[in-house]
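The structure is given below, and queries will be raised subsequently.
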Amino acid sequence: MKAVVLTLAVLFLTGSQARHFWQQDDPQSPWDRVKDLVTVYVDAVKDGGREYVAQFEASALGKQLNLKLLDNWDTLGSTVTKLREQIGPVTQEFWDNLEKETEVLRQEMSKDLEEVKQKVQPYLDDFQKKWQEEVELYRQKVAPLGTELREGARQKLQELHEKLSPLGEELRDRARTHVDALRAQLAPYSDELRERLAARLQALKESGGASLAEYHAKASEHLSTLSEKAKPALEDLRQGLLPVLESFKVGLMAIVDEATKKLNAQ
């Protein structure tokens, strides 16, 4: 039952045409990778659940109950597969439409990010260069102290610590200075990127084409369609579960009745 619940929880994210993600020859979109991962997980849960059912039926309690769960499990698996096939095209259409309708915005934001990246890259390179120089300078100052320690006695450890502490503090202070300088240099570009994003979203709201409100309306429409498409398939799944639950109930009641009779006879 746990496997069934897990399967239902994720089958809405996957389509019927998904393939294993490690078998792809062509580059995949993010949606395809997510769907393939979910499909692999669902298959693993389904196979693992069938193994547990088989082990239970082989046990003494399973033989006594005689629920024939394995037959019902295979039937249930077919029902779940059918459900995925029915809902798969609807979810695929939803993701395709969402990706298509936000393509322009994503392209514009990628362009903005690339422009800002090119502007700040010199500052990042300069920061990295200065940091490497500071580390090298620190290493040069510390190296003689290490030699002194190897050549000296144990009592010089305290002296070494006293000499290293100022050097460590100096490195920390110089690094903090460089970080503060970098932060000040990048601040205008961070503000610029934030303003660009705000402008893109504002233009999207005011445009005569696809707006954020339209995205929300279309998403709601697709989700409503998905819900309507899923109702018959979910009802089929519920009907497939009924024999399993009824068989379990009958078998359990038989065991309870038998145990009650034995207790009364004693």
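These residue numbers are counts, starting from 1, taken along the chain as shown.
The backbone N, Cα and C atoms fix where each Cβ goes, glycine too.
Given the structure is predicted, the values throughout are model-derived calculations rather than measurements.
Checked Swiss-Prot, it gives:
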- 1-18: signal peptide (SIGNAL)
- 67-88: repeat '1' (REPEAT)
- 67-266: region '10 X approximate tandem repeats' (REGION)
- 89-110: repeat '2' (REPEAT)
- MET109: methionine sulfoxide (MOD_RES)
- 111-121: repeat '3' (REPEAT)
- 122-143: repeat '4' (REPEAT)
- 144-165: repeat '5' (REPEAT)
- 166-187: repeat '6' (REPEAT)
- 188-209: repeat '7' (REPEAT)
- 210-231: repeat '8' (REPEAT)
- 232-242: repeat '9' (REPEAT)
- 243-266: repeat '10' (REPEAT)
Take every residue in the repeat '7' (188-209), average their pLDDT values, and give the whole-number result.
72
When DSSP states are grouped into helix, strand and coil, how many residues of the repeat '4' (122-143) land in each?
22 helix, 0 strand, 0 coil
For the repeat '6' (166-187), how many residues does DSSP put in helix, in strand and in coil?
22 helix, 0 strand, 0 coil
Under 8 Å Cβ-Cβ from the residue listed as 'methionine sulfoxide', six or more apart in the same chain: what's there?
LEU197, ARG200
